[in-house]
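S.K.: Can you keep this structure in mind? I'll have questions shortly.
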2 protein chains.
Amino acid sequence: MKFEKIPNISVDCVVFGYDINTKSLNVLVMKRYLESKTGTDVLVDDYVLTGYHVYEHETLDGCATRVLKELTGLTNQYKKQFKAFGNPDRLTNEKDLIWIENEGFNLRTITIAYYFLLKTEDVDLKNNKHQEKWFPIKELPELGFDHRKIILEAYEDLKVKCLSEPVIFKLLPDKFTINEVQELYQSILGVDFDNRNFRRKLIKKKYIIPLDEKQVGVSKKPAQLYMFSKDVYEKMFQKNYLISI
Amino acid sequence: MKFEKIPNISVDCVVFGYDINTKSLNVLVMKRYLESKTGTDVLVDDYVLTGYHVYEHETLDGCATRVLKELTGLTNQYKKQFKAFGNPDRLTNEKDLIWIENEGFNLRTITIAYYFLLKTEDVDLKNNKHQEKWFPIKELPELGFDHRKIILEAYEDLKVKCLSEPVIFKLLPDKFTINEVQELYQSILGVDFDNRNFRRKLIKKKYIIPLDEKQVGVSKKPAQLYMFSKDVYEKMFQKNYLISI
């Protein structure tokens with residue numbers, strides 16, 4: 001099979017990782033670095049999303065899966081294709097033009113953007129060949145192309161989605177405390193919830209299953225652990241259309 | 001300005017129209033018809049979504065707006081880019097291949113799909129040059145390319161979206177009865193709601209504004225008319241993050 005790239009169509013991946021210790025929603029980006037031919041000047045030194053051209057034989061989903069695996073070694077993570085970006089001027093700032101000339105790709109490239117939801121701790125950044133780095137969503141570095149826009153639109157989509165679908169559990173370990181769910185919601189939405197109200201509402205949900213286990217290795221009183229049951233959730237959702245506009 | 005088409009990137013539009021009289025959610029599609037060169041055989045006779053190649057100078061949103069205007073004459077309608085479709089085999093059934101050979105476009109075309117929400121009655125189908133026709137979402141005709149898949153995915157997206165965002169009001173006239181909102185939800189979701197419950201919940205919403213008007217020209221007792229206030233909705237939504245998973 002030939003591995004021919006489609007020169008004007010790419011996939012870009014916004015990898016969201018939640019760090020349960022720092023309570024921070026992070027984005028994984030990689031270094032974009034280029035020196036002049038003489039090696040005396042740094043022409044480009046910033047960060048970009050990880051992405052790649054789509055191969056002729058490949059589906060868009062397949063391309064996104066390949067890109068994530070190349071970056072993190074991970075497969076089978078939650079992914080969502082959320083938007084295509086195709087403005088004619090999306091790759092035309094000065095550094096982008098230098099970069100594109102060096103890499104020889106098409107100025108009018110349309111990118112299909114995906115986001116992934118995973119746990120920061122699942123990604124091993126030792127010896128990473130792309131100089132990847134996590135940045136908190138609130139402290140993004142200088143980004144090339146239209147990648148800041150892509151990240152912020154992915155974040156908006158996630159904010160809306162986490163209110164109506166249980167995607168949030170993809171960012172948590174399998175066993176979690178109610179407090180950890182609340183902290184994650186607060187981190188994503190940038191608001192504070194009343195502890196008692198939040199707990200009361202969440203433990204009422206049939207798909208939040210209390211376990212016969214408590215936290216270990218914590219200095220304070222260990223809290224009850226719970227898990228999310230996708231099975232129960234899906235059965236409930238099929239029966240009830242909850243209109244919550 | 002040159003109007004050069006990008007040969008492998010298109011936009012396709014799923015135009016949803018609600019017919020308040022028949023209580024049916026419809027999709028606008030156009031005829032795809034091709035005879036053999038001798039005129040003796042009909043080679044292709046089915047329906048497709050309306051779509052077009054993206055121009056070099058054009059944004060994706062701009063292309064979708066242009067396509068809708070060409071089809072319906074309408075501008076300023078609610079539109080959502082919901083997914084890109086790019087499977088390598090999406091245009092490869094027998095009729096598609098005949099059609100593509102005749103039209104001379106790229107076999108590996110990726111399409112960015114949008115859906116529009118409007119009222120069936122706003123589209124004038126007299127003298128339509130593309131032989132456009134409305135079909136109820138439950139009674140789609142034979143469709144070319146992967147357009148059945150695109151329509152059904154747009155419909156799934158709409159079903160989820162109408163539960164958590166007030167998009168449904170784009171499908172209704174400015175002034176509506178509570179019963180009409182219920183019928184529309186029932187038509188989209190394919191379920192029946194309890195009348196009294198539905199009414200009670202809906203009229204409690206601050207953004208559903210009762211008018212000093214009633215229906216006219218109905219044989220039964222005329223019902224109270226309401227309108228949807230986007231202003232009020234947006235102010236409420238900014239303040240409250242309603243988690244309804």
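For all residues, glycine too, the Cβ spot is worked out from N, Cα and C.
Heads up, here are the entries from TrEMBL:
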type	residues	note
DOMAIN	B:11-151	domain 'Nudix hydrolase'
DOMAIN	B:169-228	domain 'NrtR DNA-binding winged helix'
S.K.: What average pLDDT is reported by the model for the domain 'NrtR DNA-binding winged helix' (B:169-228)?
M.R.: 93
S.K.: When secondary structure is assigned with DSSP, how many helix, strand and coil residues does the domain 'Nudix hydrolase' (B:11-151) contain?
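M.R.: Across the domain 'Nudix hydrolase' (B:11-151), DSSP assigns the residues as follows: 31 helix, 58 strand, 52 coil.
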S.K.: Going by DSSP, how much of the domain 'NrtR DNA-binding winged helix' (B:169-228) is helix, how much is strand and how much is coil, in residues?
M.R.: 25 helix, 13 strand, 22 coil
